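Asks: Can you keep this structure in mind? I'll have questions shortly.
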């Protein structure tokens with residue numbers, strides 16, 4: 001059967017239990033919202049194909065369990081991820097504080113140049129906010145990561161978040177292909193991991 005997409009990107013949603021990762025996934029993949037989701041057991045995924053710059057990109061989005069007892073299972077999925085969204089709940093201070101621990105997990109288990117984005121979810125619940133937008137932005141700047149506040153319930157910034165991450169991945173792939181073409185003088189293209197550019201790339205376009 002003919003392939004119906006030009007690229008396949010594997011994305012990962014990580015963060016504490018209850019921050020809304022599953023709700024974000026369902027909002028993006030099915031444009032649906034459900035307040036009765038139970039906590040993810042282990043890992044699950046959804047697929048949505050989008051179009052960017054005339055190319056069809058199949059997004060395979062993995063939703064991971066936030067509980068400690070599933071950590072060994074979920075970290076096994078970090079390695080093949082091309083983009084990772086770190087999600088916290090703006091009404092839950094602890095989930096924000098733990099973003100640093102999740103970043104440490106990425107550094108230990110994921111590819112060194114994986115694209116990352118921090119999402120402050122549940123921004124529709126501003127009356128219960130414990131984490132200011134400014135604190136989220138500062139944390140993102142400190143790590144050289146893009147940042148958005150989202151709401152799976154109202155759908156605010158959900159599309160933008162996934163499209164931005166996909167575009168960043170595609171930009172990186174295109175640059176690697178161009179670099180390979182220049183180096184190979186027309187030879188076969190081989191996409192390789194470039195560890196030395198990790199920090200400088202993320203700081204090109206903040207927030």
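Every residue gets a Cβ built from N, Cα and C, even glycine.
Quick caveat, the model's predicted, so the values are computed rather than measured.
Below are the features listed in Swiss-Prot for this protein:
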BINDING   17-23, 35, 39-40, 66, 121-122, 124, 152-153  GTP binding site
BINDING   22, 40, 63  Mg(2+) binding site
MOTIF     31-45  motif 'Switch 1'
MOTIF     63-80  motif 'Switch 2'
MOD_RES   72  phosphothreonine
MOD_RES   180  phosphoserine
MOD_RES   204  cysteine methyl ester
LIPID     204  S-geranylgeranyl cysteine
Asks: Report, in whole Å, the straight Cα-to-Cα distance of residue 63 (Mg(2+) binding site) from the residue listed as 'phosphoserine'.
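Replies: Pair distance, Cα basis, whole Å: 33 Å.
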Asks: Helix, strand or coil: which one is residue 22 (Mg(2+) binding site) in, per DSSP?
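Replies: It is helical.
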Asks: Among the binding-site residues listed here, 23, 152, which has the most company in the form of other Cβ atoms within 10 Å of its Cβ?
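Replies: Checking each of 23, 152, the winner is 152.
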Asks: For the residue listed as 'phosphoserine', which of the three DSSP-derived states applies: helix, strand, or coil?
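Replies: Looking at the DSSP assignment, the residue listed as 'phosphoserine' belongs to a helix.
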Asks: Look up residue 63 (Mg(2+) binding site) in the DSSP assignment and report helix, strand or coil.
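Replies: Where residue 63 (Mg(2+) binding site) sits, the three-state DSSP reduction gives strand.
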Asks: Hey, which of the binding-site residues 21, 122 is the loneliest by Cβ count within 10 Å?
Replies: 122
